[in-house]
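Asker: Below are the structure tokens for one structure; questions will follow.
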Amino acid sequence: MAKVRTRFAPSPTGRMHVGNLRTALYEYLIAKHEGGDFILRIEDTDQERLVEGATEIIYRTIAKTGLIHDEGPDKDKGFGPYVQSERQATGIYLKYAKELVENGEAYYCFCTKERLETLKSAVGEEDGESKEITKYDKHCLHLSKEEVEANLAAGMPYVIRQNMPTEGTTSFTDAIYGTITVENSELDDMILIKSDGFPTYNFANVIDDHFMEITHVVRGNEYLSSTPKYTRLYKAFGWEEPVYIHCPLITNEEHQKLSKRSGHSSFEDLIEQGFVTEAIVNFIALLGWSSTTNEEIFSLEELVREFDYTHINKSPSVFDMNKLRWMNGEYIKRMDSEKYYEYALPQIKKVVTKDYDLKFIADLVKTRIETFLDIAEMIDFFDELPEYDIAMYTHKKMKTDSENSLKVLQDVLPRFEELTCYSVSSIESVLMGYIAENGIKNGQGLWPVRTAVSGKQSTPGGAYEIMSILGKEESLRRIRIAIDKLSSSL
């Protein structure tokens, strides 16, 4: 059996969409599961859509996610060039397009934009706008050899189109969807070489996949409709087709196609929203694939061992933000303290500017956050006591109200004034001693103090930890503010 070779072939048109990242991940996993090679190829044939700096984004993303390629523009192993514009300069695409013309499998088309406009027909709506398609009518197929040569000699702009049969059927096999057969009459004569001399995405893919000896091709199921055209190209050349693996659509929670407007459609969007790379990769692996085990948390190495592309689903995969947040939280909990602190510190510094123990604050929130952007809102009370309503002192479960909260604060204030060491254990000793002496429930003694020093309904850590971080002076100041608030309301 031939060595498994897969390729990730992105276009440098901006940030990497999660659908593209899933394709890269699946290509990587298929290759590595079988001990094969994972190739990076840059598809820049659509020159109008190129975005400056987008190639660097591709390199940065695959490096950060650990999807290290064995071959690519920076690692030529004899199958290069690995950038399509560089391959185009060698004349390879035009050479094979002309071979198809000679065999009657393709033809020159000289139709103007104006003529092509007349062939357009509406096919419904997409994103609120009417969608049109142009099905070519084979007009230029009927030009004589002399007419074609005269047009070429005159420098008339042209494209080269694939010549599809109008009768019969074409079948191909997909690893997920099985054998699919289409009527040839439904297939358009797609363009192979554009008027600028560049190949189309579809044609370049077939040529490059063949000469790079690609064995498995992963792509979104929106390409299922184009695959019969690829099949006919492979047959026309007498080449063996790769294994096709078409992945299900990724939708948002409303079951609509995940778009850039969602705000979390790209890898970089998710990083900016406080998600960690390992969690993103793990989550994206499960968008359409599931393990035979019930496990959901996988390292990249574990995914390589577990991944079996025959377990990819056909049905659309929902990008469930709640599940991603949960998974991210699990990864944060498992992070080693040094790496975690490196991620958490910039978020802590956004809201904590005073000389507090930031490492202690980071440790308090570690098991409570799902993304790093959750941190700021949880700890913003350290720098500045927020305005709060005294209704917060009334808590049915804790059996507290304004009156008994005021008494607790007035009673513990002198004890804290006398305390010199504001360690967690010292503060705990004072409060638990007071609770025991007065025969009250823990919540009755702790809730008023925590509320007073934080001004918040929920906090990372309790009264002991918060007061230890704030220190004596600030803790006492906040307790006195609370006493004044409660006294003036009664």
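Placed from the backbone N, Cα and C atoms, the Cβ positions cover glycine too.
Below, the features straight out of Swiss-Prot:
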BINDING   CYS109, CYS111, CYS140, HIS142  Zn(2+) binding site
BINDING   LYS260  ATP binding site
MOTIF     10-20  motif ''HIGH' region'
MOTIF     257-261  motif ''KMSKS' region'
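For each feature listed, report its degree of burial, its nearest neighbours and the pertinent distances within the displayed model.
Answerer: For CYS140 (Zn(2+) binding site), the Cβ neighbour count at a 10 Å cut-off comes to 20, with all displayed protein chains included.
Listed as Cβ neighbours of the motif ''HIGH' region' (10-20) (distance under 8 Å, sequence separation of 6 or more from its ends, same chain) are residues 42-44, 46, 49-51, 54-55, 57-58, 61, 201, 220, 250, 258, 260, 264-270, 284, 287, 319.
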Asker: Which one of these binding-site residues, CYS109, CYS111, has the sparsest Cβ neighbourhood, judged by other Cβ atoms within 10 angstroms?
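Answerer: Counting other Cβ atoms within 10 Å of each of the binding-site residues CYS109, CYS111, the minimum falls on CYS111.
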Asker: On the 0 to 100 scale, where does the mean pLDDT of the motif ''HIGH' region' (10-20) fall?
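Answerer: Across the motif ''HIGH' region' (10-20), the average pLDDT comes out at 91.
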Asker: DSSP secondary structure for CYS111 (Zn(2+) binding site), reduced to helix/strand/coil, please.
Answerer: coil
Asker: Which of the three DSSP states, helix, strand or coil, fits HIS142 (Zn(2+) binding site)?
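Answerer: The residue in question, HIS142 (Zn(2+) binding site), is helix (DSSP, three-state).
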Asker: What are the DSSP helix/strand/coil residue counts across the motif ''HIGH' region' (10-20)?
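Answerer: Its residues divide into 3 helix, 1 strand, 7 coil.
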